[in-house]
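Listed in TrEMBL for this protein:
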type	residues	note
DOMAIN	A:32-278	domain 'Aminoglycoside phosphotransferase'
BINDING	A:ASN40, A:LYS57, A:GLU111, A:ASP112, A:LEU113, A:ASP246, A:PRO247, A:GLU248	ATP binding site
BINDING	A:ASP229, A:ARG345	substrate binding site
Number of protein chains: 2
Amino acid sequence: MSNYHPLTEVEAIEIAKTIPGIFDSEGELVSREIGDGNLNLVFHVGQPSTGKSVIVKQALPYAKVVGESWPLTLDRARIESEALKIEGRLAPGLVPEVYHTDNELALTVMEDLSNHVIMRQGLIEGGVYPKFANDISEFMARTLFFTSDLGMNQQEKKLLVHSFANPELCKITEDLIFDHPYTDADTNSFDPHLKEQAEKLWADTELHLEVAILREKFLTHAQALLHGDLHTGSIFITPESTKVIDPEFAYFGPIGFDIGAVLANLLLHFASQENWSADEASRQTRRQYLVQSIREIWVSFERKFRALWNEHGTDRIAKTAGYQDDYMQRLLQDTVGFTGAKMVRRIVGLAHVADIDRIPDPIVREKAQRLALEIGKSLIKRNRQVTSIEQLINIADSASKA
Amino acid sequence: MSNYHPLTEVEAIEIAKTIPGIFDSEGELVSREIGDGNLNLVFHVGQPSTGKSVIVKQALPYAKVVGESWPLTLDRARIESEALKIEGRLAPGLVPEVYHTDNELALTVMEDLSNHVIMRQGLIEGGVYPKFANDISEFMARTLFFTSDLGMNQQEKKLLVHSFANPELCKITEDLIFDHPYTDADTNSFDPHLKEQAEKLWADTELHLEVAILREKFLTHAQALLHGDLHTGSIFITPESTKVIDPEFAYFGPIGFDIGAVLANLLLHFASQENWSADEASRQTRRQYLVQSIREIWVSFERKFRALWNEHGTDRIAKTAGYQDDYMQRLLQDTVGFTGAKMVRRIVGLAHVADIDRIPDPIVREKAQRLALEIGKSLIKRNRQVTSIEQLINIADSASKA
């Protein structure tokens, strides 16, 4: 029945040609597959004569992670494309523009952002992004508020929940973030020197209870349309511009999960700073920059989310005295818990981060890993008591000085 | 396009005839419309020669409540029918058997339960139902556990959530239970002597915060497939048998909402006992029976839900130390909050209960109304502190003696 097949570079050009208003009808188009082939084909289709280009991204019917390959729904291309369109409408300029979607071929033609770098790589190279805290807080405040029951007609939201049921990709998160790191699972992967740390994790029942409760929130709290995988590898950046990409994990879940993803990846980079500076002073400067980013992201997010709530709250219940304060407090606590969960999984779980894994010196790498684990565990354990973002920062700071 | 039209009694017979294994091919069938015409047509189709009968229930494309009429989705017939089938599979014998469904005609042919009475009416007439606590706790424990992430494959659950998106009927609950009673809404309806009580309700900001949080749970916490309207008018009963009917409000929501509906309606009947006994002693006996039912329902529900969890928990996370206790405590708190919300709306909101409204003496009726309001408000305000069902019972007992 299906017309699906992996595209060739020539076919990618044929599709790119059909997008009106991009290319000159004269000049030749050149196509180059630039993906890593693990999940998607990514074609860069450019026209040298005009300098114009687009990206043709096509989902593959499988995922390859660390040598393993398993089948994975092509429907994720539809979800990614629909999420990008919604995010683009709600947070203009903060996602790539979508030019064309073909659900049968599982492909999206979108704006080429080759002038940006992947933020994880940018940070590793010492990049500083003065607009980031403002942009990402804007992206989260607007996409999350306007798809929640606070900022959207509640009946329309129920129908939208419907089209973002995303069981296969949610399952990956449920297993790899909220389950496997806390038991001796085959999928786990960690350096041998972390064996003892991992075993402590597997035996820590206080931690397990908090993870079970966070997982329950991920499974049942359909607060807003999440990006669902908002780490620094899903962000294209320059000092002047921020573009959030790859929302194939999008679904309706707890708002704190997206914010936690951003903060966790900044904290993982914070932990990686055991390596990146020869001297203590410049390491401290870098860490202060990261901590200040985290503070600004939460504070700006909270300010913007509250402002949207005050101006665009859907109904009179949203104005109930004390409700906004109570909600924001719970949101901060969720954020802290999910931040922790997203740190721990990057040290002992299946998928790691380059910030830490690529530290060449094993002693330095181990220090960074232990620090990330320590911060992650503390955040998970204390999440339900937190009342201020400064507590999250203090946990990171004290652990780094211990 | 649609073939939908309201059936005649003759058409109901034609449909009933097609059900295999019920009627004798010889004997004549007799059809009688027995619904109240507000939401549904309900045909009793019987065969006098064999004594066999079925119910043909057809949704009407509107709802009539207290003289008002508004359009209402026919899709509720599909939802009701699917919910009955799931409930029947999970809790055999506790719902009417479904013989046939026709989504286009918005109809369900089901078991005739005319030998039962509607429980609300049975209670009003002084009925005692020794099997009820056991049956309803069984119904709730099994239907709620096995449709939750604790007792069902989480990916299959996400697809089921999908087919029970029920925006129009949820909207009725969101408005009539979690909004209108707490403001001077047109839909509200109460006796003039309650004006001052109603105004207090509209000004009680402590109460409003708790209601806003309960409403948020109703909107976002997709814990399990709820019946969604589990009051004593949705239960057919005899001393030997319990049958839950009318799950047209079914959707995935917070488990405490169903339990709260049952407890609230027993407490409304408890409050109505200002009237039903001439003497204090028999009133006390009746109230003790109701209180004992409430206690047994919660205690049995908790015991059964925990037993199912221990035996059929989907995954290893369900076995996390302390998680079950934490979950059951939150479930009790939700139950207490929703119990309160479901009491308050029956006194000042649009739809009332006969237990109280039909008390002929206005002075006695007012006492019952004030008592129900008092209990409801206390339960809402204290819900997040409750740790035992005895606290709910104490709130009701003390209020009745004040």
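A Cβ is built for glycine as well, from the same backbone N, Cα and C atoms used for every other residue.
Where the annotation comes from TrEMBL, it is an automatic prediction and has not been curated.
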Counting across all protein chains, other CB atoms within 10 angstroms of the CB of A:ASN40 (ATP binding site) number 21
Mean per-residue pLDDT in the domain 'Aminoglycoside phosphotransferase' (A:32-278) works out to 95
Name, in the order they occur in the sequence, the residues of the same chain whose CB lies under 8 A from the CB of A:GLU111 (ATP binding site) and which sit 6 or more residues away.
-> A:VAL54, A:ILE55, A:PRO96, A:GLU97, A:VAL98, A:TYR99
Here are the binding-site residues: A:ASP229, A:ASP246. Which has the lowest count of other Cβ atoms within 10 Å?
-> A:ASP229
May I ask which residues of the same chain, at least 6 positions away in sequence, place their Cβ under 8 angstroms from the Cβ of A:GLU248 (ATP binding site)?
-> A:ALA59, A:ARG76, A:ALA77, A:ILE79, A:GLU80, A:ALA83, A:LEU169, A:GLY228, A:ASP229
How far is it from A:LEU113 (ATP binding site) to A:ARG345 (substrate binding site), counting Cα to Cα, in Å?
-> 29
Among A:ASN40, A:LYS57, A:GLU111, A:ASP112, A:LEU113, A:ASP246, A:PRO247, A:GLU248, recorded ATP binders, what is the largest CA to CA distance in Å?
-> 18
Structural state of A:ARG345 (substrate binding site), classified by DSSP into three states | helix
Tertiary neighbours of A:PRO247 (ATP binding site) (same chain, Cβ under 8 Å, six or more apart) | A:ILE79, A:GLU80, A:ALA83, A:LEU84, A:GLU87, A:HIS227, A:GLY228, A:ASP229, A:SER234
Neighbourhood of A:ARG345 (substrate binding site) by C-beta distance under 8 A, where only residues 6 or more apart in the same chain count = A:LEU176, A:ILE177, A:HIS180, A:PRO181, A:ALA351
Cβ-Cβ neighbours of A:ASP112 (ATP binding site) (radius 10 Å) | 18
Same chain, |i - j| six or more, Cβ under 8 Å of A:LYS57 (ATP binding site); the result in sequence order is A:GLY35, A:ASN40, A:LEU41, A:VAL42, A:PHE43, A:ALA77, A:GLU80, A:LEU107, A:THR108, A:VAL109, A:MET110
What is the Cβ neighbour count of A:LEU113 (ATP binding site) at a 10 Å cut-off, with all protein chains included?
-> 19
